[in-house]
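Below is one structure; the comments refer to it alone.
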Amino acid sequence: MKVSAALLCLLLIAAALTTQVLTQPDAIISPVTCCYTLTNKKISIQRLASYKRVTSSKCPKEAVIFKTVLNKEICADPKQKWVQDSMAHLDKKSQTQTAKP
């Protein structure tokens, strides 16, 4: 009993400390991805590959989901300056890549 209670506590703590990206059905065709925890740590621009905004009314928080070069998704607060700077950098990077012949 003590072992299962300790394991449950450990799992709850681990879940609270990790960045969670959960998918909930918005409609039959397209799912909505929501962020429930936002990172407080700045992510190096070199580690970022892309991003998408989370603005669905079905989600509790407005967020930006960055995808890293290692294909990891990280939720961030779009009001933070580093997040805005990173999105601008990725936008500029994608424009220069699509402009090349």
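From the backbone N, Cα and C atoms, a Cβ is placed for every residue, glycine too.
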Choose one of CYS34, CYS35: the cysteine that Swiss-Prot connects to CYS59 by a disulfide bond. CYS34
Least Cβ-crowded entry, counting other Cβ within 10 Å, from the disulfide-bonded residues listed as CYS34, CYS35, CYS59, CYS75: CYS59
Quick note, CYS75 (disulfide bond) and CYS34 (disulfide bond): C-alpha atoms separated, nearest Å, by 9
Determine, to the nearest whole angstrom, how far the Cα atom of CYS35 (disulfide bond) is from the Cα atom of CYS59 (disulfide bond). 7
